[in-house]
Amino acid sequence: MSERQAAAAVPLEPPKPSSRRMWAYRLEIDPSRTGSPWWMTIVSVLLALLLCGIFIAANGMNPIAVYDKMIRGAFGSSFGIAETLVKAIPLLLCGLGVSIAYRISVWNIGAEGQFMVGAIAATAVTIYFPNLPIYATIPLMIVFSLAAGGVWGLLTAIPRTYFQVNELVTSLMLNYVGLLALDYVVFGPWKDPKGFNFPGTPMFNEAQSLPVLGDTRLHMGLLFALAAVAIYALLVKYTKWGYELRLIGANPEAARNAGIPIKRHILLVMLISGALAGLAGMSEVSGVSHRLMYGISPGYGYTAIIVAWLAKLHPVGLAVSAVLFGGLIVGGYSVQTIGLPSSISNMIQGAILFFLIAGGMLSKFRLRRNG
Amino acid sequence: MELLAQIIAAAISSGTPLLFAALGGILIERSGIIQLGAEGIMLLGAVIACIAFIHTGSLAVTLLAVAGISIALGLVHAFMCVTLRANQTVSGLAMTLFGSGLSAYLGKKVSGTPIPGSVPKLNLNFLDGVPFLGPVFAHLDVLAWFSFVLVVAMHLYIHRTSWGLHLRAIGDNPPTADVMGIRVQTFRYGYVIAGTILIGLAGADMLLVYSPTWTEGMTAGRGWIAVALIIFARWNPVRALFCAYFFGAMDTIGFKIQLIGSEIPSYFLKMIPYAVTILVLMFLGWRSRNKPSGSPQSLGLPYIREQRF
């Protein structure tokens, strides 16, 4: 036996304990886990509330009392519940729009701008065709808002598909353009001459307003939103188009190799995504405010991103999370009476998104004992 | 000449926050991590600067507070992207949404209160008589001068030092860098935090120099314009300087047109920077359709040592 073979026969020494040994446990990715458990979502939301509670406490308030007030404001009375549902309508439509885009990894964050142009287009119908009957006005407003939102979505999709421009930047830039366009019409040409300088158009008449339920503010837009969600669920589950969307989302490379026209899909998806947000704008002006006015959206388009993420893009989940975030917005308004800014709800929304992502990733890890 | 100097001076004043944010973004993205939270970080930087300056009146404390919050945010982003390997795009988006919500919440009490004092200016009186140089450089604030120094320093660091070579290596090819003995994860943490400090400083600069009163959402999309600038500048600090001033000029050109007394409503003039951003990105995409964009090759890909390539 040569020296060399003898050396090889000696078993390798176990590796010396390194400084990493001070950690008895380590995290590693568990390849068998793909989804995250349902309770992770709840844990994420609770942790987000805990973090925001620290900021509330730093402001000299009792976080539990504040949260209690928010929940009572949003869900504690029939008025509160109706208001929550009213806020849930645009969130559901916009959230559905962005989830369709997120399904194929198109990061549309432009729902806010698409909402604005939809609202402007719907109002244009009332300005330029003021005396149409209700069965002509409402469908025309719907078509106009869908078209305007869709075009706004295409303005994001075309640079993405043909010029390789990051859609995040484009869609966000278009939000500001849409917002400025809205400011222009309500401060400029469409301002109500009898409105004491209020930045808004004249009030819509009966024929231009969506029917409401009883004496609440809950309007027919809820039916649009639920119908859109149902159609989306069926299309994604049962059609070739839906199958191709799921394939692109799961593995774009495989989809491309399978000959699926990804560019055409992106264009169509952004058209739909924008159109849905545009419809949300129409239902808001025609169903709630009955006029186009300054600050028509308290950031529905941005909240919709978190609505979609909390729902994991699932249709039923979208409806649930839209109601939850609608409640969060209403709750944010109700704590203004005790001297807290309503932007508290924006803070909670952002924190929820953070913990959702972290929780979703963490549940793919497993804890392993070292050694 | 007079007008050109005026435009350049205005471009520097509104372009400096963009420049800081773009430089921070370049540092982060060169290490292979996508940074889309710039808008939120800038807003938080601005609101913390406002609160700290109103309460202490000391510029040093203000900048330290901004650095502190930025380090915290950078740690969060690095933890999400490097340790948890979460989707970097969504992590940045979450930071933007959280930052705008939290800044609106924190800033409610100081909203509308002008800050006491300003950033000291570096007065170069001997330049006063010189045409062009005088109006542009004679009375710039120290943060603008710091940004010039930073551009040169970052250029030299990235392209002329071995640490800069390591930075490019972990952004382009982390497995190779790892084999070379560079601690990829540690350095990514470091660069994300360092870059986030610069982005926070961009927000502070915006508040301390450009518009000295806190208003909700005051950055108005500038964080996202900075993200576009990074692409426009091909991840190069010196190009970022010129791009930032170009966008700074676009930002102020609306005011200039209004001053001349044009009939165009101001709302359309305010759309210019946003529209230009999209058009420039489209032009760039069209021009470099079959060429590499200059982006770090592993941008957005988490590095896992055990993973085979």
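Cβ atoms here come from the backbone N, Cα and C positions, even for glycine.
Going by TrEMBL, these are the annotated features:
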- A:38-58: transmembrane segment (TRANSMEM)
- A:78-102: transmembrane segment (TRANSMEM)
- A:109-129: transmembrane segment (TRANSMEM)
- A:135-156: transmembrane segment (TRANSMEM)
- A:168-187: transmembrane segment (TRANSMEM)
- A:218-236: transmembrane segment (TRANSMEM)
- A:266-286: transmembrane segment (TRANSMEM)
- A:292-311: transmembrane segment (TRANSMEM)
- A:318-335: transmembrane segment (TRANSMEM)
- A:347-365: transmembrane segment (TRANSMEM)
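Between the transmembrane segment (A:38-58) and the transmembrane segment (A:347-365), the number of CB pairs under 8 angstroms, six or more residues apart, is three or more, so the stretches are in contact. Relative to the transmembrane segment (A:135-156), the listed stretch A:266-286 leads the set A:109-129, A:168-187, A:266-286, A:292-311, A:318-335 in CB pairs under 8 A.
It is A:109-129 that, among the stretches A:109-129, A:218-236, A:266-286, forms the most Cβ pairs under 8 Å with the transmembrane segment (A:168-187). Sequence-distant contacts of the transmembrane segment (A:218-236), counting only residues of its own chain at least 6 positions beyond either end whose CB sits under 8 Å from a CB of the stretch, comprise 82, 85-86, 88-90, 92-93, 96, 100, 103, 142, 210-212, 242, 245-246, 276, 279-280, 283-284, 286-288, 315-316, 318-319, 322.
Of the recorded ranges A:78-102, A:318-335, A:347-365, the transmembrane segment (A:292-311) has the largest number of C-beta contacts under 8 angstroms with A:78-102. If you look at the transmembrane segment (A:78-102), the same-chain residues 6 or more away from its ends with a CB under 8 A from one of its CBs are 72, 108-109, 111, 114-115, 213, 216-219, 221-222, 224-226, 228-229, 232, 245, 269-270, 272-277, 279-281, 283-284, 287-288, 297, 300-301, 303-305, 307-309, 311, 313, 315, 318-319, 321-323, 325-327, 329-330, 334.
Where the transmembrane segment (A:347-365) meets the stretches A:109-129, A:266-286, A:318-335, the count of C-beta pairs under 8 angstroms peaks at A:318-335.
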